[in-house]
Amino acid sequence: KGTIHLFRKSQRSLVGKLTHEFRLVAADRRSWKILLFGAINLICIGFLLMWCSSTNSIALTAYTYLTIFDLFSLVTCLISYWVMMKKPSPVYSFGFERFEVLAVFASTVLAQLGALFILKESAERFLEQPEIHTGRLLVGTFVALFFNLFTMLSIKNKPFAYVSEAASTSWLQEHVADLSRSICGIIPGLSSIFLPRMNPFVLIDIAGALALCITYMLIEINNYFAVDTASAIAIALMTFGTMYPMSVYSGKVLLQTTPPHVIGQLDKLLREVSTLDGVLEVRNEHFWTLGFGTLAGSVHVRIRRDANEQMVLAHVTNRLYTLVSTLTVQIFKDDWIRPTLSSVPIANNILNLSDHHIIPMPSLKAADNLNPVTSTPAKPSSPPPEFSFNTPGKNVSPVVLLNTQTKPCGLGFNHGSAPYSSVLNQGLGIPGMGLAQGFRTGFANVPSRYGTNARGQPRP
């Protein structure tokens, strides 16, 4: 159905789309430096893997995985540049910032998987420890250390820089911070380098190189090959402990959770919004981290009927925009409904509910003995019984009575004089039912004297 396009272009494949986006990123000169470091990184990884095979050192393999992680960080940096070039689309209305969050999460998780693989290989080596050749062990250590530090300090990686500061500290950072306080107490000039906390990537690079240097020394002096396995376990644990807080932080961003450090500020802003003129209620509020340093949110605001929607929207946006950069505010006016006065069907000719009165009446078992006016059993030997309001009982159903007078009187029946014959036919010709007792029968205009005696004189 619809228009037939004879020369429509064929849809691109996934590889074609990736190639197109890569060309878009490569057109920017800022990405050339990252591409150059990526090419050098691949060459360095190739040499390090060859030296790991020749030395038979699993500790050097664990340290090489840090270089592979540097390659992942360079790819994340390219994705960050690509995100800045792309604009929001109908499919991605919030933009593409979550792609760099996903890249950070994937990089840290892959680094942890590599650490788990090293732990598994190290457990097998404890059973049968092979011989370690130290010919290229120290050379590979310094090559990897130099390239890792040079990459981390030369490339400004915005996503990883933000995550390393926003995520919780690792156990390695905490121990180094305790040691740094002791050192800075002796040499105060080092406080700018070690405090408040070191860069986790630089710290793990230095700690891994130090472990490999100790391994080289012990193997050269005592041929203690088991220290290589111990160093591999130490490097794997440091890698896992460093990457785990970053994975947790980026995973919470992907799950659209509210950052803990802004909950107090959001509560304060919402209290201020609820006190604005015309605002009755603030509800259905939801705030989450869209990307690194970008907070998004949506809120519903109920206002008075006489309030200005645009004015309230401007004030609410002005208050929340200081913290929430991407904000959606839905304004709706108060819509109260008059409570229902009756639970029974109302006739179509009854239009005004305010002219009706609901009187609960007890249901009667026998309908044959009912008085048509009082709805109570009629006894000829006794006067009509009074209504009993609020009488406890079962099967109480509401009765809707119509009030056609401007002033309420009696029970709401149509008032007026009734013929004597109709009154006597209904069994109401009983003395003592004048105007003072009209509430009992619903007839307020019944004459106080009626009937004749045998002599034709009016009976008192």
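Each residue, glycine too, has its Cβ placed from N, Cα and C.
Predicted automatically and left uncurated, TrEMBL annotations should be read as such.
Feature annotations, reproduced from TrEMBL:
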type	residues	note
TRANSMEM	32-51	transmembrane segment
DOMAIN	35-255	domain 'Cation efflux protein transmembrane'
TRANSMEM	63-84	transmembrane segment
TRANSMEM	96-117	transmembrane segment
TRANSMEM	137-155	transmembrane segment
TRANSMEM	201-219	transmembrane segment
TRANSMEM	225-244	transmembrane segment
REGION	370-391	region 'Disordered'
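Using a Cβ-Cβ cut-off under 8 Å and counting only residues 6 or more beyond its ends in the same chain, the transmembrane segment (96-117) has close neighbours at 62, 65-66, 68-69, 72-73, 75-76, 79-80, 82-83, 86, 88, 159-160, 163, 236-237, 239-240, 243-244, 246-247, 250-251, 253-254, 290-292, 294. Simply put, out of 32-51, 63-84, 137-155, 201-219, 201-219 has the most Cβ pairs sitting under 8 Å from the transmembrane segment (225-244). Nonlocal intrachain contacts for the transmembrane segment (32-51), taken as residues 6+ away from its ends with a CB within less than 8 angstroms of a stretch CB, comprise 26, 60-61, 64, 67-68, 70-71, 74-75, 77-78, 81, 136-137, 139-140, 143-144, 147, 151, 154-155. Long-range Cβ contacts of the transmembrane segment (137-155) within its own chain (Cβ-Cβ under 8 Å, at least 6 residues beyond either end) map to 33-34, 37, 40-41, 44, 47-48, 51-52, 55, 57, 60, 63-64, 66-67, 70, 73-74, 77, 199, 201-202, 205-206, 208-209, 212-213, 215-216, 219.
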